[in-house]
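Engineer: Just passing along the structure, written as structure tokens.
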DNA sequence: ACCTGAACACCGTTCAAGT
DNA sequence: ACCTGAACACCGTTCAAGT
């Protein structure tokens, strides 16, 4: 699409224009977040956002050209809000449980993200960022309890397992029980090669 | 919708009518299978099937009322064809690898199945059947190598892990390496409580 | 740069009408 | 029972036209 010049109308100060644009984008993202939280990916559409903001359908498309661009932007906001502030205290299992429960609540949206990532670059980018963030955080969490030469594989294994946990709906005790079983199996033997 | 009487036109023998109906349904399922294999869930539609068979859109809907009914029926056929005949020989890892590679090829469709299972009873039913079949088979495969009191948990853990493996696209060596790591971790210590 | 409104080619579902 | 054809209310995307 090419770069947008920072301003268009001569009389308008540069900063003000920027503020306006960012504020509008924020409005759109907020509306999209609301729709996603209420009805998941199917409930999100240019029309629905436009209706909420009193705009034409295509006005939203000016800022987010495709539905998946809009989806990725809104979902990034949701992840930031829901996963951004982990508990400061607590042991490994407490923190792990917190993350898994948060991710469970977002399961349908994460599901849609994986689905769309195969078609949309924006979705693929967010998918990679999420994966990366989860791995990094989990690695730091496990580092004190796992031998250095096993850390990478254990981390990836747990992340993959957690992703698998979210695929099918399960009861909370079920989920947490399975998680605890795996972690103690992998962590409980720090000496093994 | 109510039950369908077995025949309608008086002159038509009961068996013949059944055969016709089953043959038509088989045709529709085959066409749907082709569409799913070629373009995934988005490529499937009543229209597309009807076009291939020279019917009106709504004729297909007579047999499969909703898109998800059609989807579940066709995907069941695909699972039967692709996962129905596992290798007769080989050790645990060989058989596991075979299943994971087959499932990987079907990843996008299984993905769609999980997505739709939340809205469609037919999809939910197939999802449960698949999960059940995988668990049963894996349990039998692992039984000789795992202590009885750990068998259930180990089985579920591996199934969940495999489901997680399929969530994100990975290279084949990556996938198989992770799988081998987990299985040797869980299997290699049969004596532990 | 930003937004509108109309148009295009779909989609799934419903339903009256035929045989 | 089975199938057609028309209708309904959408969808995402494109594009000429306005300011």
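Using the three backbone atoms N, Cα and C, a Cβ is placed for every residue, glycine included.
What TrEMBL records for this protein is below:
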- A:45-64: DNA-binding region (DNA_BIND)
- A:22-82: domain 'HTH tetR-type' (DOMAIN)
Engineer: Using DSSP, what is the helix/strand/coil residue split across the DNA-binding region (A:45-64)?
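Structural biologist: Final tally across the stretch: 15 helix, 0 strand, 5 coil.
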Engineer: Averaged over the whole of the DNA-binding region (A:45-64), what is the pLDDT?
Structural biologist: 95
